[in-house]
Each structure stands twice: as C-alpha cells, then as structure tokens.
Amino acid sequence: MINRTIEVGTGVHVKVPATTANLGPGFDTLGLALAYYDELDVTVREEPGVHVDVHGVGEGQVPTDERNLVVRAIKHAFDAYGIEMPGLDIVARNHIPHGRGMGSSGAAIVAGIMAAKGLLEGNVEMDAQAVLTLATQMEGHPDNVAPAIFGGLTIAWVTPEGPRSKKLIVHRGVSPVVFVPEHTMSTALARSLQPESVPHEDAIFNVSRSALLVAALIQSPELLLEATEDKLHQSYRASAMPETDQLIRALRDAGYAAVVSGAGPSILLLCDEPQQRLEATALVEREALTPWQSLMLAVDFKGATVVPHPVGVLA
Ligand code: HSE
C-alpha cells in the first residue's frame, strides 16, 4: 500500500442521479438515470479516520463510521490503486429514498468511487470504465451503477473481463413517473424469490420484449406498453409486494406502461405523453390502500459528476 500524501484541504463535490433498473423485461441489464440526486462533499483532513455527516434521507439511520457505504466505496477505490485512504470529512446530502428500487445503494457506491477519482486526480488515471468495474464489484450487478455513472438509458452486460455498458439517448417523448410507497423492499429478498431456471418460452418472451423496449425508448415510445412486458422476475416477486403488483395490474389494464422499479417496491411508469402522468397519478390515488408519492422526473442525460472544491472552501 502506497502512502501518498494528498494535500489537507483538497476536496471534491459529487452529484449522482437516482436510477431505475430492469424497466420490465431487461432484468439486470437495462437502466435509466433520473433527474433526482444525492450530493456529496469530501475533504481531506489532517487526522486519520472519517467523519461523516448525513443530511436528508438516511439521517440518523445509516452508519457514520467505516461501515458507511460511501466510505466503503471510497476505500474500495483507493485500495484498488494500492493507495492508503487519507483522513476524510464527508458531508452527504441525500434525496434518493432507501430500499425503494431507485438505486440508492448504487448511487452511494458511485458517489464514493467518483469522490476517490476526484481526490486521486493527478495520481492515477481512473476512467469511466474503471469506475463501472469498481462499482459493479461492490453492487453485484451493473444495471443501476451504469446509468448512475453515464446517465441516459444504459444497456449493461458482463464479460469475463468485467462489466460493460452502452449509453443511449432516450426519445424526448418519454416521460417517466416513479410512484414511491412508504414501505421498503430488500433487493436480497426479491432476488431470493426467483427460480434458478426459467421456461425456454419465457426466456424468448423476454428477449423479444427487451429488444423491443430499446427501440421503444429511443425511437418509438408508442410501443412502450407491449415492450415493458416481462416474465423473468416480476411475477416471482409479486407475493412480497402485493400492493405494487395490484397497482401495476390496474395501471397496465388502463393502458399505461407500468413496471416494478428495480427490485421494488416503487413503480416506474414510462409515459409517451406528459398528460398521462396526471391521469395515472389520479388512478394510483384512487386505487392505492397506502400513501404513495408520485415523482414526475426527467431523464438525467449526464450521469455522475465530480468537481474539485474551489480553493480554500471546505465542506
Ligand atoms: N436488477 C436488480 C434486481 C436491480 O432487480 O434485483 C435492483 O438492484
């Protein structure tokens, strides 16, 4: 481990978008970045160790020591380059809800790795592919971290050499809405409900729909309802999130392209006209048994950013 001195007071500001993964048929593959952000300020300090302040989502709940996910991600990146992590003051300003299927863990991981990239600027060359590799090592699958890093719509896949991703620009007629309940869902639990193998015809069904979904999102939004059909994951997980399942059925019966957002329990709606967002929100308000928040969000086209703090400004 190299003990490289990064000047005390060196600091970076990081901004990372929320993401929604799967998009129906594209399990562990497709993801979309949403204009809803977590922000992070990280500053090198004299003393070793970390001091973490969390504001907003997770305040008073997430660990503020070395177990903190952002801290673990910063350390993971420093370790990967064999450089000792310096003492750090960290301020997190979180908006992305936790445990709802909006990529909060992926955002925390990407935020930490981007902060390390900014702090190591001039010492190591960490390109976007390296950020994707490090983030996927921590997250386990690339479909949230890819859009968090690159923005837009991403197709992610895994090769023997590591994860890869292709960014596409979403058609401007596509308007996402995320319906967010008060209850949470564990991704590990959701994944445990899926079978080891699926019928061949279900696999073919999803191959056709996910290919179609890419065309619908970049070129032909009028195909979104058919293109968001899925047989690989949502039905297996439905028993763990019955209200999500019931609302998705009601929305799809009414003609809206509704799917589980990531591992749930939030619902992603991909509208091909902005007006649909209000009509669908009214439907959810009528049908829901518990309170659901409606977030009408733009697609984020930029992905995660890191900029140095202006000289002399500490977090
Ligand atoms: N593809 C992942 C899943 C996204 O559905 O399990 C959530 O992390």
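Here the Cβ of each residue, glycine as well, is placed from N, Cα and C on the backbone.
Now, the feature entries from TrEMBL:
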type	residues	note
BINDING	Pro97, His98, Gly99, Arg100, Gly101, Met102, Gly103, Ser104, Ser105, Gly106, Ala107	ATP binding site
DOMAIN	68-152	domain 'GHMP kinase N-terminal'
DOMAIN	223-276	domain 'GHMP kinase C-terminal'
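Sorting the domain 'GHMP kinase C-terminal' (223-276) by DSSP state (H, G, I as helix; E, B as strand; all else coil) yields 26 helix, 8 strand, 20 coil. With helix defined as DSSP H, G or I and strand as E or B, the domain 'GHMP kinase N-terminal' (68-152) counts 46 helix, 8 strand, 31 coil.
For Gly99 (ATP binding site), the same-chain residues 6+ apart in sequence whose C-beta sits under 8 angstroms from its C-beta are Thr184, Met185, Ser186.
Fewest Cβ neighbours within 10 Å among the binding-site residues Pro97, Gly101: that distinction goes to Pro97. Cβ proximity to the ATP site centre (mean Cβ of Pro97, His98, Gly99, Arg100, Gly101, Met102, Gly103, Ser104, Ser105, Gly106, Ala107, cutoff 8 Å) flags the following additional same-chain residues: Ala18, Ile96, Gly262. Neighbour density for Ala107 (ATP binding site): within 10 A of its CB lie 31 other CB atoms from the protein chains shown.
For Ser105 (ATP binding site), other Cβ atoms within 10 Å of its Cβ number 20. If you draw a 10 Å sphere around the CB of Gly103 (ATP binding site), it holds 31 other CB atoms from the protein chains shown.
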